[in-house]
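Written below as structure tokens is the structure these notes are about.
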């Protein structure tokens, strides 16, 4: 597959004609050859977005809604293509890729529904014969930097919400998924959005830092949203702060699933398997910690292992219905093996699976994990999860909160009041009582606490993220002033 940059409604090569390759993590075959953007291209994209903003901000809500609904329809019509491309680029199963397209279409439809919900309010004033009000206005060109793992849906939210609020977008895709991100851009183009409203860039890892620097500092860019690692997100936040530009950051996660002693064990096991191993555990809200009451831990682990061993593994390009595919890079396997070996050396027990071989790793469960093990609090981002045994509700809460991250979580227990008490006590942006940690609905705010970042995608929260609030008064000509 070959892809280009998309600037001002034209698919173009990079200004220096250079390309980079996305290599399959197992076969080492070249999957995609992508145009390799330069700083010159990045500035050109920002300028196109600024020029388009002059007219796009004045487009009425009904027209913005119509166009975003059209994008959703176009995306759904290309579902087979998305499944094919995501399997080749990021090892996505048909299940994960199909969900991504469905969720992405929902994001564009939810965004479309917000077109007439961007509202101000009237404010009581002490000034006679004066009307005081607030308005919500678009902020200008938005820089959206998107990762590879939720390949379609994370791009959709970074595009749709700024657009419905009247902004334009410079979309920086991931070097791991250039064809998928170009396909999303193509959907927006086919829906008929005006030139410059969406501009797409991609670049090799060695060029990406200078391109990000150039865009963050560009006078045309007004706000930034980034989904990715906490390390990179922190760098972006610091650079944005130098230019007094607001960020929305959705970063790392170490999501816990708490299983209380009165839980429905079979239901908890189903949620644990789904949350731990969907897309090889490479989801920011994947279940990386099972915090299980010691009274039921043996039964839970036995059933968890039994169900996990039934998961099918393979190459989605060959076996589309497999659940466990390759990780995005052989480097992932090397990193996880380091965490695995450290845990075993310190007393953890392997109850399912084993070491990774390059980008391939079986669904793996470690039991009896303790706080002195690196895997206790380091993000794994692969098909491995851990069981941490606890004594009672209070210790479960303490362990859940013993993390620098705070994205998603789950609590299983039959006593709903008790489960709710636990849910209110843990420091996470999302808490699901008797549900998996892996959940997302376009109408519900999504984000986290602590090192997971700040700001929220989805739901009405995006209106604050992608608009400016303005105080406006209409006053009588004749007024009394003190001098």
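Heads up, the Cβ atoms here are built off N, Cα and C, so glycines get one too.
According to Swiss-Prot:
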- 250: active site (ACT_SITE)
- 284: active site (ACT_SITE)
- 228, 229, 230, 231, 232, 233: NAD(+) binding site (BINDING)
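Between the CA atoms of residue 233 (NAD(+) binding site) and residue 284 (active site) there is a gap of 14 Å, rounded to the nearest whole number. In sequence order, 226, 227, 284, 407, 446, 447, 448, 452, 453, 455, 457 make up the list of same-chain residues 6 or more apart from residue 250 (active site) whose Cβ falls under 8 Å from its Cβ. Neighbour counts of Cβ atoms within 10 Å were compared for the recorded positions 232, 284, and the top value is held by 284. Of the chain residues outside the NAD(+) site list 228, 229, 230, 231, 232, 233, 226, 234, 235, 236, 251, 252 have their Cβ within 8 Å of the site's Cβ mean position. Sorted by the number of other CB atoms within 10 A, the binding-site residues 229, 230 start with 229, the lowest.
DSSP assigns residue 231 (NAD(+) binding site) to a helix. Summarising the environment of residue 233 (NAD(+) binding site), the number of other Cβ atoms within 10 Å of its Cβ, over all protein chains shown, is 22. Looking only at other Cβ atoms within 10 Å, the busiest spot among the binding-site residues 228, 231 turns out to be 228.
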